[in-house]
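Taken from TrEMBL, the feature region 'Disordered' applies to A:1-22. What TrEMBL lists as transmembrane segment is A:30-56, A:88-113, A:125-143, A:177-197, A:218-237, A:243-269, A:281-302. The domain 'ABC transmembrane type-1' annotation in TrEMBL covers A:88-301.
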């Protein structure tokens, strides 16, 4: 991920000889040959179903009979559906609260691990490990066991005189529980932050020290601006990822989005509409609305990024 | 890191949102006269897929039954498969979309019209009298598996609602056990008394959960009072006031914390307050007895009939607890019919399942049930309430599974105090109308 990525145009710059050109054509064929299995899968398993779901989003389809075209009705019904509104509120709350906390936590840990001390390799692996398993079914089950009545969290908090009871059964506490689960899995952005921190030239810090800058000043004036592309990248990926939360919510709530709809994340409601209520057309409309909204958010991020993201080698 | 690489990654991540769906439609069912469905060729090697919902205990029983089946039909190989209730319907719906339903599957009253009216289920009429013998079953029961298109499910067993109570818990509370002649008001008084007595104990004990949150209890109440539940065209026949009055039965108990707390129920799932011995009584289907005894470890659990209605009658009904259906896409309809016949009628199979699926539907399947233990208690209960079973189970409209789930969900919100009874009524009717449309 350096600014000087090698593109085919640059390699091909000098005019190639006839022989070279033939060799390149063979290589191209071989390249497409190797791509074929992936291309087939991409069209059959990704593009095809996506096109099908776009069509289904304009139909009334209950999985049993043939889909019946109803135009935009599914999309109109979305806005009259209180559970849909609830799922949007739950998901947006999760994204808006969870993502910044997760990014801050991963940056903090990355900075700790960027220092030179013994056994760093071990710590880096140890801190990365949770994110490898956080999306798994077993962790969701463990999480549920930790946060029920008399679970380990309840017991530990009780030692400090905080009696919250089980978080799993309390609609006000389920959101903090999911945010904690997300924050705990900070490994992926942490590794990227760490790579970014390694690229910040040490001379800048040395020069700043000569000028008498303190730790906070160095962080604000050097680390953050130099890291801004990495922060931007992580913010974007984590935001998109947060919109897609499903597995842990499905398991902890038993697929219902409960208690009292407090874990009714967007994708979970989409699943319930499609596979429990058999309203597949409606579910498809929800899926496409999510794609469009995430797309718009991404575009907004890119637009605003011009004012705060600084790329190395880019003059302003 | 460049702007280009970030853009690329963002597009990839956005695409990974995973937009997938399934296409396809169902085949139309075929009509045929009774008994002309052809017969099974004993030489032909046939493989059938058979699936059901339930726990490990039920799987053991099915596997034993399948072994017996193979002794009689060595040419038929059975591929068994099972899952828990919610996943079961997700998988079947997906299969229905691709016309790939199992050859034989367990079916529920709440879903049969959804699958059957779209031609997804095999019309079994041509096999009745041939491979499939239903003579040992009352007509009224057989009717529950019949749609306009024909017989698409064979009822396996019946159950009826009961009030279960745990004598040990009642004793711990130091109060009188509920009796068979109680009214609804008596029962509510029992709940209040139990909660008052149990408040100081560790763990805190209760008399009951909020029974108004169980949709079938509401249906029982309507039937008992002589009200229609659903119209013939599958519309709701009761009013908002009916629902409001029903939910308000327990409003006072709800307000003063006399009902088993909702947050505890949520956390105990899939168990419940009754099965962890923190609740003294619970309404449920009578075939739950075996499960209750196993889960709670209680020495004994007693069963009482429904409380008396305002007319002094109980107005109870029997509900087919489950049916067996065949997918219309099956390549071996006569073998599927033979398997359904065997599970429905064989006395040894009846003894294997006992009352775990409800009381067996046919006389022959009941003939070898053990004379003591759980099965005997359930059968004795059904015999004792035979005179109270004066009504028939309402015909459930398409989408029933959905409105039942909505009821349960709103009851949970009511239990948390997030909505009022009026909001419950308003939201349930709004969602039910769209689900039944």
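Here, residue 1 is simply the first one shown, and the rest follow in order.
Just so you know, glycine gets a Cβ as well, placed from its N, Cα and C.
TrEMBL entries are annotated by machine, without manual review.
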Report, as numbers and ranges, every residue of the chain located at least six residues beyond the transmembrane segment (A:218-237) whose Cβ falls under 8 Å of a Cβ in that stretch; write 'none' if there are none.
99, 103, 106-107, 111, 188-189, 192-193, 195-197, 199-200, 204-205, 208-209, 298, 301, 305, 308-312
Looking only at the recorded stretches A:30-56, A:88-113, A:125-143, A:243-269, A:281-302, which one has the largest tally of CB-CB distances under 8 Å to the transmembrane segment (A:177-197)?
A:88-113
As a test: from A:88-113, A:243-269, A:281-302, pick the stretch that has the greatest number of Cβ pairs under 8 Å with the transmembrane segment (A:125-143).
A:243-269
